[in-house]
Amino acid sequence: MNLQNLYDKLHYEIAAPALIVLTSTWVQVMAVYGTTLENITWSFLGNCYSWTVVGIMLTWSILSLWIPGKEYKGPATSAGHVPVYRDNGFQYFLASLLSFAVLLYFYPQVAIDISENYPQILATCNIIALVLCAFLYYKGKHFPEIAEKLEKQSMIFEFYRGMEIHPRILNVDVKQLIISRFSMAIWYLIAMVFFVANCMIVEFSWPFLVSVILLTVYLGKFYWWETGYFNTIDIIYDRAGYYLIWGCLVWVPSLFTLAWYRVVAEPILVDNNKAWLILIFGLLFIFLEYRIDWEKQYVRQNGGRCHLWLKPATYIMATYKTDSGATKKSLLITSGFWGIARHLNYTLELLTGLSWTLPFMGFGIWVYSYIIFLSVLIIHRIFRDEKKCSAKYGVYWEEYCRKVPYRMIPGIF
Ligand code: NDP
C-alpha cells in the first residue's frame, strides 16, 4: 500500500467513524464529569425536562425563520444554485436575549433546573442531531435540492461529511437554522444560565459577568453580521453532515460552554481589577475581528474603488473558472488588515475566545477546552481554506502569498 492509499484509508474509512464515536461519547463524559455541581442527572435518552427545553429552543429558532421578512440571497454555488436566507438575525438575537433575561429575572430557579439537567439536555441534542444527520444523508441521496455529481465514498464518510451544501426542511435552510440560530443562541443563553446559577449557589461575581458579557457581545456581533456569515466556508463549502450539524447541535452547546459549566458551583478566583482589564481587551479584540471581516466585505462590495486606513485600497484582481467553465473575477485585498496576514481574523478569534475564558483562571485545564479545540480547528481551517483558494485562484493566490507571506502572526506563522 503506497502513502496516498494509506492516507485515503485513514481519512475516508478510519477517521470519520472514530471521530463520530469519540466525540459523541466525549460530550456525555464532559457533561457528567465537567462540573462540581451536585444533583446533576444523566440518562442516554434525556428526560421530560430536557426534551421540553430543547423543543422550545428549536421551535423558537424555526419560528424566527418562518416569520415573513427580508430575504438575503447567498453566493451562488459553482452549479449556479442561489441559496435564500431570512435576514433577521439581529432581531432574533435581541428577542432571545431579552425574553430569556426577563425569564431568569422572574424565575431564577430556571437557571438551577437547567444547570442540573444539562447532561440530559445534551443527551437530547445528541439524539436529535443523529436522527437529523441520518435524515439529511437519506435526503441528500434520494431527493436533494439540486442534483450534483459527487465522488462516491463510504457510507460512514458521507454521513460524516454530509451530502448537500444547502438542504432545506420545512421551508427553512437547515444550516441557517442549526448553526446560526439554534447553536449560536444556545451558546450564550447557557452561559447566562450558568452565571445566574453561580449567583444563586455562590454569590454575584463581576469576573463571571464579564465573561458572559464578552460572549454575548461577540455573538451579538455575529448576528449583526449574519449575512456575512453566509459567505464563509462553513456555508459555501461544507456539506450539512455530522461534522457541521452534529457539531453545532451538540459540540457547541457542550464543549463551547464547558468553562462556565466547570465553575458554575465555584467561587471565582480572579479579582475584579483583572476582570476589567480582560473586559477592555476582550471588547477590543471583538471590534478588531469585526473590522477585519468588514474590510473584506467593504472592499469587495466597492469593487476595490475605496480607501482603507486613509489610503486607496490595494488588491490583486484574480480570475477563476466556475464549474460551468465561465470566467469570473474576484478581489484579493493586499492592504488594511488583509495586507498584514492572510488570516488575521482567526488570530483575533482566538484572542477573543481567550478573553472570556481568562476570568476562570485557576480551575485547571477544563476551562481552556474551547480555546484548545478552537486552535486545532483554526489551524486545520487555515490549511483547508488555503487549499480551496489555491485551487480556485492558482497563480493569483501564489502572488497574494508572496505579497502577504504570513498566515496568523507576522514574522512567526
Ligand atoms: P474568512 O472570512 O477569512 O474567509 C476566507 C475566504 O475569504 C477565502 O476562502 C477567500 O474566499 C476569501 N479571501 C481570502 N483572502 C482574501 C483577501 N486577501 N481578500 C479578499 N478575500 C479573501 O474565513 P471564514 O469564512 O472561515 O471565517 C469568517 C469569520 O468567522 C472569521 O471572523 C472567523 O474568525 C470566524 N470563525 C469562527 C469560528 C468559531 O468556531 N468560533 C471558526 C471559524 C471562523 P473567496 O472564495 O470569496 O475568495
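For all residues, glycine too, the Cβ spot is worked out from N, Cα and C.
Here TrEMBL flags 14-36, 48-69, 89-107, 119-138, 178-197, 204-224, 244-263, 275-292, 356-379 as transmembrane segment.
By number of Cβ pairs under 8 Å, the transmembrane segment (119-138) is matched best by 244-263 from the list 14-36, 178-197, 204-224, 244-263. Within the chain, the transmembrane segment (89-107) has long-range Cβ neighbours (under 8 A, six or more residues past its boundaries) at 60-61, 64, 180-181, 185, 188-189, 192-193, 196, 216, 219-220, 222-224, 226-227. Non-local neighbours of the transmembrane segment (356-379) in the same chain are 30, 34, 207-208, 210-212, 214-215, 218, 255-256, 258-260, 262-263, 266, 268-270, 274-275, 278, 282, 343, 346, 349-350; each lies 6+ residues outside the stretch with a CB under 8 Å from one of its CB atoms. Contact count against the transmembrane segment (48-69) (Cβ pairs under 8 Å) is highest for 178-197, out of 178-197, 204-224, 244-263, 275-292. Contact counts against the transmembrane segment (244-263), taken as Cβ pairs under 8 Å, peak for 178-197 among the stretches 14-36, 178-197, 275-292.
Sequence-distant contacts of the transmembrane segment (275-292), counting only residues of its own chain at least 6 positions beyond either end whose CB sits under 8 Å from a CB of the stretch, comprise 206-207, 210, 213-214, 217-218, 221, 225, 337-338, 344-345, 348-349, 351-352, 355-356, 358-359.
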